[in-house]
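Lifted from TrEMBL, the feature list:
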type: DISULFID; residues: 146-189; note: disulfide bond
type: DOMAIN; residues: 144-203; note: domain 'Sushi'
type: DOMAIN; residues: 212-330; note: domain 'C-type lectin'
type: SIGNAL; residues: 1-27; note: signal peptide
Ligand SMILES: [Ca+2]
Ligand SMILES: [Ca+2]
Ligand SMILES: [Ca+2]
């Protein structure tokens, strides 16, 4: 047992070892093999940083990875995945950085490598988000990555190797549990160096219910009396629709035209006091109204329940409560 423990410790220690070209350069990568590095840096095998990448370069040699880090403002180390020739130029974004065990990945602190690899860019002073570019003999700073991370409410990063901040690139996201994603699931590091989210995560209505604002609506499949409509909505954990304002009224009108509905019960009534209209849902008086021309007329003294009516040009009409009409239920959106 003791032998097994010592072997395990030995392997851990061995994961930090001296540099060799064969370890980091492909046999056919002449440029990498012929580098004039005299004092190689230290490499930690099997460990990589996540959520630290300022830039992520694909299909580059380890040598290029080191050089790009030296040119990039705030780069402190690199993580290199040899299988993909994938280079993460890592900053020191402390709060979110994780160091994880990852087979086939190695990391190296840039301070352990000779800066002569990047010539004049070795001592650049480009700002956050910029890299040093050498044009002939002249140093310029070019925008290369976004600062910070995108702020997307209720969303989780959906990239296996963590966040990177490359200028012009998108990072894939998914919504937190139960929320619906609208748009494309990406946050993009815009060319201005600012993150732009291409989606929102929002609460959604369950199947069969339609969303409007932060409420869900259900169109009853068959016709019922006003009382039965009200009861069916309550059974569904909702209430016969209450129209609060003009925008909800307009939206219901489009629901009617879209679904070829001629008449639709709403929860306003004047059953208690003739001419005093209340919402049965919460017993409040009706403020916003959209009565059709000549309505409410309490025709034959027997019209006490309100409907939306195509005949009244999708305005309101007081009708006979025992008529059977379609109806629409409403409830607040749930988490
Ligand atoms: Ca409403
Ligand atoms: Ca009436
Ligand atoms: Ca009427």
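Cβ from N, Cα, C; glycine included.
Each residue of the domain 'C-type lectin' (212-330) gets a DSSP state, and the totals for helix, strand and coil are 29 helix, 36 strand, 54 coil.
For the domain 'Sushi' (144-203), the DSSP-based tally of helix, strand and coil residues reads 0 helix, 31 strand, 29 coil.
Note on the domain 'C-type lectin' (212-330): mean pLDDT across this stretch is 97.
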